[in-house]
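Colleague: Below are the structure tokens for one structure; questions will follow.
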Amino acid sequence: MAKWVYMFSEGDMTMRNLLGGKGANLAEMTSIGLPVPQGFTITTEACTQYYEDGRKINDEIMAQVMEGVKKMEEINGKKFGDLQNPLLVSVRSGARASMPGMMDTILNLGLNDEVVAAMIAGNPDPKFERFVYDSYRRFIQMFSDVVMEVGKKYFEQLIDQMKAEKNVKFDVELTAADLKKLAEQFKAEYKKQLGKDFPSDPVQQLKLAIEAVFRSWDNPRANVYRRDNDIPYSWGTAVNVMPMVFGNLNDESGTGVAFTRDPATGEKKLMGEFLINAQGEDVVAGVRTPMPIAQMEKEFPDAYADFIKVCDILENHYHDMQDMEFTVENKKLFMLQCRNGKRTAQAALKIACDLVDEGHKTEAEAVAMIDPRNLDTLLHPQFDAKALKAATPLGKGLGASPGAACGKVVFTAEDAEEWGARGEKVVLVRLETSPEDITGMKAAQGILTVRGGMTSHAAVVARGMGTCCVSGCGDINMDEENKKFTLAGKEFHEGDYISIDGSTGNIYEGEIPTVDASIAGEFGRIMAWADKYRRLKVRTNADTPRDAKKARELGAEGIGLCRTEHMFFEEDRIAAFREMICADTVEERVAALDKILPYQQGDFEQLYEALEGCPVVIRFLDPPLHEFVPTDEEDIKKLADAQGKSVESIKALIASLHEFNPMMGHRGCRLAVTYPEIAVMQTKAVIRAAINVQKAHPEWKIDPEIMIPLVGEVKELKYVKKFVVETADAEIAAAGIDMKYQVGTMIEIPRAALTADEIAKEADFFCFGTNDLTQMTYGFSRDDAGKFLSAYYDAKILENDPFAKLDQVGVGKLMKMAMELGKPVNPALTVGICGEHGGDPSSVEFCHKIGLDYVSCSPFRVPVARLAAAQAAIANAGK
Ligand code: ADP
Ligand code: MG
Ligand code: MG
């Protein structure tokens, strides 16, 4: 028979998976002799079983719960539902990973009219009567809210009414009689809302409460939190049942929360708050203003001294900053919770370094304790904390590229550029962005789009540039034509101030000031440690020298993906590129390409300079050509004039480029197969740039890496490669220089992974383009998946956006297959990843495990990837 219930004395901190974080730590505190009210934990497996049984607690589990109750009664010398010596308990959720605020707690369970009456009869002190009714009304309210889902507000209204009637400000000023009356009103409210009486049987109360905790694992808030924090649905939550200790007993009692170090800065000093004559959530709920923890020393010197000892013991035991909840009952201290405290990214770095210096942690342990996802926030401007607190968001999109931005609304890329040029701060608001918006995007402080997911054009480009972006805010009602939109009933026009938060996705009206991020010394220290442990190299996806330099500053060891097409959109080049597209003959096309060549070569030279001899992978032209042709009349006319062609013929050509499914259309290596002269030109540009920079810097070693995109059949690669090799060899021979170069391919079509053994014969390297690979493996359009993903989350078909977090089961299997097929054929094959996943910690760990050589990600994710790669190496050492 499975064991579903553990007394606190039966567990310890290693049993977090089974007992949840709270349960494991309550058990651990018990085992090291700290004062913890003794109860039991119902396992996370029982939660899973509850769902398997169709959301029911089966008899076997309930029987073990009742055994636990019996043992708890014996230990505490009180009895559940007893009239002489009643035991009251709290029922608390506790998942493996802490999910603060996700699931609610019920306090004072076990009370009913008879127990209340008996308690009061047993203690004539009027203060005690007040305490009993205070506990009772709290219980009815919490039980109704958490278990029966009757809104809190009904009860709060009643409290407010009572306070108004009695002309008092705080609930502590209400008398026993007031609270008695409130309890009656609460029960009546319960009956009114639910049409039945408040359950009086303590066992029934307990069972309903446990069920509510299990049920809350699946509430919408919990599901969203899990998705944002990578917590699998399958984990389930444990339930802790423990005797109440009463901070609301009298003025010799109270409750508090504290951190052993400052969770905002990491500074080593006790931080916390304390409230006299209060229970549970009162401290955080703000019913009264709590006192700073230090003041507790004056009020309760003995309990305070004990608490300081406990803080020390816990830090020395867990070797990490602790977040603790405690209660003082009649001057005596009880510990109710401890955990490794949540902290800001800044504090995380400082604490990790301090713990190493204090001898608590090794360097590897310090590296392992930083959440890489938080690092992002250190690298971008942030909203001024005070100003942000005062602001309420108008709406929410996806936090697509972190940082904070504030500026005037503009609706076109041109306006963004123009306004930016005259020194205005702007936020570009668009239905969605397209490649021609790039320069405008660069000029903007932030980008807000109505459509598109985490890998939409706006999101990918913004992350690359390190510009704040909120994408996919479907609540915006957009009128691009008239340059206005509405959000939450508020109309915005060009020039109105707006503020957006690319981390949370929040959108605010007006101007919230931002502050520049500062990189403290600890950041560098942790990164240096991380670099010692990681095996994976970290490169960056960068198209411009500016991005490349930023990435190098952040520790990138090369470029894993340079997309050449972004270079074509700048004013001076797009004309030549369009000429190339419009060419009727090979000669015309070559002539147009010859005009582009010097630009490309110049760009590549700058990149090689910026990289100072580190590797650079340059990917050849990838997007379908229609993305480059003009859309408005004026530009079409300009193009026609330049080409000496009629407007009609240009329009006919543009129409001919239309594709029903451009992502699966005439793009990638298919362009080079149709027009090999494009690949020839790009090869010349790469090799000539490399030769020039190599000559200028003999101390560097420049080995160009050319990447052919979208290969699915080895013959495609072979065909294009022939042009590349002929051209490159001729250029190198003509320069009389000794230069090696590599030709590799993206693995981004499932067929490429399936036939990787053939492709590896022709390729010097593979690079997993997991954006396209995910799109084509799932058959989900990466630009439209946002429309149905939420339905998939609700139906539990998907727990995460596969474009943000690598689908290890499917896409990952293809990657593994490509590795296993490719490596034996070509042992020198180097393999990387350059999709968005290259900067996602769990995906980086997967890449480590299957033996990739490097990950490549946008510049601002480089530190994240370095840390994640180190953590993967540390976690998998010896495996
Ligand atoms: P959360 O995870 O939201 O903090 P908790 O289960 O920790 O929820 O409990 C909410 C509040 O109730 C906390 O302040 C906690 O200290 C208090 N509390 C929980 N159990 C007891 C108990 N047995 N006696 C007194 N207070 C309790
Ligand atoms: Mg808590
Ligand atoms: Mg691709």
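Yeah, the Cβs are placed from backbone N, Cα and C, and that goes for glycine too.
Copied straight from TrEMBL:
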{"type": "DOMAIN", "residues": "17-290", "note": "domain 'Pyruvate phosphate dikinase AMP/ATP-binding'"}
{"type": "DOMAIN", "residues": "309-355", "note": "domain 'Pyruvate phosphate dikinase AMP/ATP-binding'"}
{"type": "DOMAIN", "residues": "424-505", "note": "domain 'PEP-utilising enzyme mobile'"}
{"type": "ACT_SITE", "residues": "H457", "note": "active site, tele-phosphohistidine intermediate"}
{"type": "DOMAIN", "residues": "522-872", "note": "domain 'PEP-utilising enzyme C-terminal'"}
{"type": "BINDING", "residues": "R563, R619, E748, G769, T770, N771, D772", "note": "substrate binding site"}
{"type": "BINDING", "residues": "E748, D772", "note": "Mg(2+) binding site"}
{"type": "ACT_SITE", "residues": "C834", "note": "active site, proton donor"}
Colleague: Looking only at C-alpha atoms, tell me how far R563 (substrate binding site) is from C834 (active site, proton donor), rounded to the nearest Å.
Modeller: 11
Colleague: Determine the most Cβ-crowded residue among the recorded positions H457, R563, R619, using a 10 Å radius around each Cβ and all protein chains in the structure.
Modeller: R619
Colleague: Any of the binding-site residues R619, E748, G769, D772 with a C-beta atom under 6 A from ligand 3? Give them in order, or none.
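Modeller: Result: E748, G769, D772.
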Colleague: Look at each of the binding-site residues, T770, N771, and point out the one with the fewest other Cβ atoms around it within 10 Å.
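Modeller: Across T770, N771, these binding-site residues, the one with fewest Cβ atoms within 10 Å is N771.
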Colleague: Could you tell me how many residues in the domain 'Pyruvate phosphate dikinase AMP/ATP-binding' (309-355) are helical, how many are strand and how many are coil under DSSP?
Modeller: 21 helix, 17 strand, 9 coil
Colleague: Please classify the secondary structure at R563 (substrate binding site) using three-state DSSP.
Modeller: strand
Colleague: Cβ-Cβ under 8 Å from E748 (substrate binding site), same chain, 6 or more residues apart: which ones?
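Modeller: Within the chain, E748 (substrate binding site) has Cβ neighbours under 8 Å at P709, L710, F768, G769, T770, N771, D772, L773, M776, G835.
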Colleague: So for G769 (substrate binding site), how many other CB atoms are inside 10 Å of its CB?
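Modeller: There are 26 of them.
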Colleague: Other than R563, R619, E748, G769, T770, N771, D772, which residues of the chain come within 8 Å of the substrate site, judged by Cβ distance to the Cβ centroid of those residues?
Modeller: L561, D622, P709, M746, C767, F768, L773, C834, G835
Colleague: For E748 (substrate binding site), just give me the three-state DSSP call.
Modeller: coil
Colleague: Three-state secondary structure of G769 (substrate binding site) from DSSP?
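Modeller: Coil, per DSSP.
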Colleague: According to DSSP, how is the domain 'PEP-utilising enzyme mobile' (424-505) divided among helix, strand and coil residues?
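Modeller: Taking the domain 'PEP-utilising enzyme mobile' (424-505) as a whole: 18 helix, 29 strand, 35 coil.
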Colleague: For the recorded positions D772, C834, which one has its C-beta crowded by the most other C-beta atoms within 10 angstroms?
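Modeller: The most densely surrounded of these recorded positions is C834.
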Colleague: Between C834 (active site, proton donor) and H457 (active site, tele-phosphohistidine intermediate), how far is it from one CA atom to the other, in Å?
Modeller: 16
Colleague: What's the CA-CA gap between R619 (substrate binding site) and the residue listed as 'active site, tele-phosphohistidine intermediate' in angstrom, rounded?
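Modeller: Roughly 18 Å, rounded to the nearest whole number.
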Colleague: Measure between the Cα atoms of every pair in R563, R619, E748, G769, T770, N771, D772, the residues the record assigns to substrate, and report the largest value in Å, rounded to a whole number.
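Modeller: Overall maximum Cα spacing for these binding residues reaches 15 Å.
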Colleague: Once the DSSP letters are reduced so that anything not helix or strand counts as coil, what is C834 (active site, proton donor)?
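Modeller: Once the DSSP labels are grouped into three classes, C834 (active site, proton donor) ends up as coil.
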